[in-house]
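What TrEMBL says about this one:
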ACT_SITE  HIS127  active site, proton donor/acceptor
ACT_SITE  CYS193  active site, acyl-thioester intermediate
COMPBIAS  42-51  compositional bias 'Low complexity'
REGION    42-70  region 'Disordered'
SIGNAL    1-21  signal peptide
Amino acid sequence: MSTPGRVAVLLAVLLAAGGCAGDDPVPAVAGAGPDAVEVPTATATPPANTVSPEPIATGETGPRPIPDDDTVPVRLVIEAIGVDSALETLERDGDARLRAPVDWQSAGWFAGGPVPGEPGPAVIAGHVDSPDGPAVFAALDELRRGDRIIVARSDGVEVEFEVDGSRTVAQADFPTATVYGPVPDRQLRLITCDTFDQASDRYVDNLVVFATMVGGPGMLPGQDQ
């Protein structure tokens with residue numbers, strides 16, 4: 001799945017896909033590290049066949065249920081594919097562009113959405129490869145229904161999710177409502193780049209893994225969502 005030697009830019013969008021790139025950089029955020037990807041906050045025009053994201057509109061997509069004590073996720077463990085990653089907190093910069101994880105081997109939680117374990121679809125994104133080889137989500141496509149995902153939070157709570165399935169989706173036709181739309185329970189999305197196109201020298205798809213919480217705050221023993 002990975003393309004050694006190529007820079008796979010993280011996709012972690014709120015409402016539209018697009019932004020994974022090959023060797024052509026997008027405008028970088030301040031400081032060292034991977035390039036940034038724009039995060040729309042309202043329905044945006046589908047991305048053009050270019051690295052530069054489209055302008056975005058301002059708006060809200062639903063509640064942002066951040067706990068009052070500012071709890072954040074700090075670690076992601078996916079035993080089935082050997083992932084044990086610290087979690088960076090990803091936010092938008094002044095140009096509404098998501099700051100990608102500084103470390104290729106660390107995933108990042110989008111702080112504009114729910115904290116894992118709170119109602120709604122929490123989003124964690126990571127690179128599929130790096131200039132030196134596979135990155136944190138290189139084996140994300142190996143996850144299968146029933147695999148478990150653990151997210152540890154700063155309040156000491158560990159939240160467990162079970163994989164429901166995954167989809168490879170075209171960046172040009174990203175299923176926004178399915179991935180980021182409101183849900184009544186506590187869910188998780190893992191997102192990375194997929195399908196490197198040699199002709200355009202960029203990633204053209206995204207892999208999205210869907211999971212539902214099966215253990216964590218507010219649940220009784222033996223209770224599922």
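Heads up, residue numbers simply count up from 1 along the chain you see.
Positions of Cβ are set from backbone N, Cα and C atoms, glycine also.
Remember, TrEMBL labels are computer predictions, not curated facts.
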Inter-residue C-alpha distance, HIS127 (active site, proton donor/acceptor) and CYS193 (active site, acyl-thioester intermediate) (nearest angstrom): 7
Coarse DSSP state, helix versus strand versus coil, of CYS193 (active site, acyl-thioester intermediate): strand
The residue listed as 'active site, proton donor/acceptor' - helix vs strand vs coil (DSSP): coil
